[in-house]
Amino acid sequence: MAGSALTPTAAGSSGPDGGSVAGGGGAFGDRSLSQGLSVVVGLALCVTMLGLGCAVELGQLGPQLRRPVGLLLALLGQFVAMPLLAFLLALIFALDEVAAVAVLICGCCPGGNLSNLMSVLVDGDMNLSVIMTASSTLLALLLMPLCLWVYSRHWIHTALVRLLPLGAVSLTLGSTLLPISLGVLLRYRHPRAADLMVKISLWSLLATLVILFILTGTMLGPDLMAHIPASVYTIAVLMPLVGYALGYGLATVFKMPPHCRRTVSLETGCQNVQLCTAILKLTFPPELIGSMYMFPLLYALFQSAEAGLFVLVYKMYGRDSYKQDTLGEEEDTDISYKKLKEEEVADTSYGTVTAEEHNSIQMEPTQTAL
């Protein structure tokens, strides 16, 4: 029964826009290209997690744990807001089970390291950004399989969801702990090497996306556009954009300062697309997931473009106000300091006051050496 149920999906089911959602499965079955993709995806995930570990400083963990706002925001943003958003978008656009699972996996992923780079560009709170990314990655070990199990119930009657490999998902998540631990150790022992590794991991994100697009385009050929419905492209555009808005609103509810709001916004909308790609590639047969393997790559493309627009708008309109606020604080400090010095000079110019009797006050002049 299970084998017969998988046949329509493997052949390519028709999506709501008339496109074949799981199409391209035959092209994905090319053994050499499939193995090449697996190697690229695995290496990219390891480098990403190593870079994340290198960004974590043990000295920062104490204050964050005593006031775990970053942990709470990571929990609410990545495992409440984003999975629910992915689920609602899948329902609104009436996705079939293959596309819905791809969207859900992306929505349930923890935060990605792209947000750390973007937070720097918008003068955000870098410590908060790193803590949120690391916290969501660790929380994903338990909460990501749980969210997938909860939100996939709507498609439980389909063969793909009945065979959803939650154990393999957990295993893939668990495998990320080793490179993260090595990164933390490298930061502790060799901080300069850790800084270099963080930069390498950020650049590897861009290189990985380019390589995956090239290899996947080679596998699917010119029929790629036909195999992915327009609704999936629409979701890839809307999902990070709404995620950024939800994150900013969440930080506003917590009454955080503007630079922290920008940080939480980017952390919420930016997903770990390397992890999503690895789960789709390493846990599902290629003939089953088909061209929906491309969804995290599309998401990465649009989340980067939209975050870039976010940075551009901030550089054009928001940076001046940020500088004025910072300058205002410095001016207040300088004015207070000048007033204090003037008062000190005034006191020394008039001399010191001494009281010799109850009803008499005598002023003793003070000589100032020139």
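For all residues, glycine too, the Cβ spot is worked out from N, Cα and C.
These numbers come from a predicted model, not from an experiment.
Listed in TrEMBL:
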- 360-370: compositional bias 'Polar residues' (COMPBIAS)
- 348-370: region 'Disordered' (REGION)
- 37-59: transmembrane segment (TRANSMEM)
- 71-95: transmembrane segment (TRANSMEM)
- 128-151: transmembrane segment (TRANSMEM)
- 163-188: transmembrane segment (TRANSMEM)
- 200-220: transmembrane segment (TRANSMEM)
- 232-251: transmembrane segment (TRANSMEM)
- 293-314: transmembrane segment (TRANSMEM)
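Taking Cβ pairs closer than 8 Å, the transmembrane segment (128-151) reaches residues 49, 52-53, 55-56, 60-61, 64, 69-71, 73-75, 77-79, 83-84, 86-87, 104-105, 108-113, 115-116, 119, 164, 166, 169-170, 173-174, 176-177, 180, 260, 263-264, 266-267, 272, 275 in its own chain, all 6 or more past its ends.
Packing against the transmembrane segment (71-95) from elsewhere in the chain are residues 15-16, 21, 64-65, 103-104, 106-111, 131-133, 135-136, 139-140, 143-144, 147, 150-151, 154, 231-232, 234-235, 238-239, 242-243, 246-247, 250-251, 254, 264, 267-268, 271: each is 6 or more residues past its ends and has a CB under 8 Å from a CB in it. Panel annotation: around the transmembrane segment (293-314), residues 28, 99, 102-103, 105-106, 114-115, 118, 121-123, 209, 212-213, 216, 220, 224, 228, 232-233, 236-237, 239-241, 244, 262, 265-266, 269-271, 273, 276-277, 280-281, 286 of the same chain, lying at least six beyond its termini, place a Cβ under 8 Å from a Cβ of the stretch.
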